Amino acid sequence: MDQHLLDIREDVFHRNQGESEFHQAVTEVFESLNTVIGKHPEYADAAILQRMCEPERQIIFRVPWTDDEGKVQINRGFRVEFNSALGPYKGGLRFHPSVYLGTVKFLGFEQVFKNALTGMPIGGGKGGSDFDPRGRSEGEVMRFCQSFMTELYRHIGEYTDVPAGDIGVGGREIGFLFGQYKRITNRYESAVLTGKGMGWGGSLLRPEATGYGAVLFAQEMLKTRGATFDGQRVVVSGSGNVAINAIDKAQSLGATAVAASDSGGYIVDEAGIDVALLRQIKEVERGRISEYAERRGGKAKYVENGCVWDVDATVALPSATQNELEAKDAKRLVEAGIVAVAEGANMPCTADATAIFQEAGVLFGPGKAANAGGVATSALEMQQNASRDSWSFGHTERRLEEIMIGIHSTCATTADRYGKPGNYVAGANIAGFTKVADAMLALGVI
Ligand code: NDP
């Protein structure tokens, strides 16, 4: 990284102290930008990078709600509206006890570049709360969502900021949030949230889109080595929305997905994960992955508190959370013959792990490219809402495929152009950055 970039980064660290994930995300982007800044002095002249690292708006609010025992609970809500040069802020809401401002900023920063890569007219933002929905009753989740939206509603809108789901926020939570927005505003403003249910403004394929998209991105990477998913041994982390749909898609392409996890441990099922059973346990019953092994009739084993990256794979799809795949895991996977890694989650691989994969020549798809199918399909949901239309599953899937192939090709050609062939991290960062930077230049100093 040259001195100009180091100085800006130092200032960002200083202004955002203690936000380690945000620092990590900024560092990863900056490390890709040396050649770009050298070729384009106009970006430095207009302080584009400094502006990109400073969110346009950061909202932090109190979320009071009453639990089933009648006790008042207080959580903290966040929405970071990072960059709207390309369109309304767009990005999910995460409900997890670990959420703090630094989490939301790192996710919002990543989202700006990811959304640019999709080619859709969407800016970047992210939000959430330190609320933990696990173990809470339906009524508690609803009251929390209603209280959260009672503050958030004044900051969002179809043309302003369009949240969606993320960890801990699925169709149920989006329903409660949308219901409260509609009630407060007296407007059926469908495109204010994405990830809605099919019967009330949602898009077919949106639930599947992130996981499917990550597999489609990995498939494009494999093609560059003359390979396909057929016969691959896939390991996935997590067992939420992204993980389950990634498993589903990988198996439909002929792979065997043998392992998945949650925060309690992992399962191994050498015959291939039974997706219907996993969906039933995780999505319908909201249970734990340990139950999968219990109900698989001896075909699967559960390893409590184990690390899923101890399982050999040729393709890894980390799809749980940030920094869940460390250097030691990367080394082990390389030794075991891993061919490709596509990040279904946001920043699941640490910087060291990413470097190990890249140095070993493993195909590595960073989250901001590989998991962009979710937000791209959210933008398709917004298109359907705007035109009061509802597309078929097949039509939406073809659009997703085109978008993922397009993102792969953008990353690959950009990496080539800037002298980093095969480096999808550099390709994604540079292509996302230049698209947003050019729009910011055109819009003046705002
Ligand atoms: P879900 O809440 O549906 O699932 C999350 C899964 O990850 C669960 O299995 C959860 O296990 C596990 N997990 C979460 N936190 C931890 C942790 N600290 N340690 C170990 N396991 C953990 O979330 P999603 O599937 O929607 O999101 C997963 C990732 O994908 C996130 O990084 C998200 O930002 C990213 N993403 C999601 C998109 C979407 O459309 N949903 C779009 C783009 C990216 P447990 O239940 O035990 O907590």
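Placed from the backbone N, Cα and C atoms, the Cβ positions cover glycine too.
Source: prediction; values computed, not measured.
Annotated substrate binding site per TrEMBL: LYS90, GLN111, LYS114, GLY165, SER378, in sequence order. Taking a C-beta cut-off of under 8 Å and a sequence gap of six or more, LYS90 (substrate binding site) has these contacts in its own chain: GLN111, ASN115, ILE122, GLY123, GLY124, GLY125, ASP161, VAL162, ALA164, VAL375, SER378, ALA379.
All protein chains considered, the CB of LYS126 (active site, proton donor) has 31 other CB atoms within 10 Å. Positions annotated as active site, proton donor by TrEMBL: LYS126.
All protein chains included, ASP166 (site 'Important for catalysis') registers 28 other Cβ atoms within 10 Å of its own Cβ. As annotated by TrEMBL, site 'Important for catalysis' applies to ASP166.
Under a cutoff of 8 A between CB atoms, and with a sequence separation of 6+ in the same chain, the neighbours of ASN241 (NAD(+) binding site) are GLY165, GLY170, PRO207, THR210, GLY211. The NAD(+) binding site annotation in TrEMBL covers THR210, ASN241.
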Recorded positions whose CB lies under 6 angstroms from ligand 1, from LYS114, LYS126, GLY165, SER378: GLY165
Pairwise Cα distance maximum in Å, substrate-binding residues per record: LYS90, GLN111, LYS114, GLY165, SER378: 16
Rounded Cα separation (Å) that holds between LYS114 (substrate binding site) and LYS126 (active site, proton donor): 12
Cα-Cα distance linking LYS126 (active site, proton donor) and ASP166 (site 'Important for catalysis'), given in Å to the nearest integer: 9
Cβ packing number for GLY165 (substrate binding site), 10 Å threshold: 27
Env. residues of substrate site, Cβ within 8 Å of mean position of LYS90, GLN111, LYS114, GLY165, SER378 Cβ: GLY91, GLY92, ASN115, ILE122, GLY124, LYS126, ALA164, THR194, GLY374, VAL375
Cβ packing number for LYS114 (substrate binding site), 10 Å threshold: 28
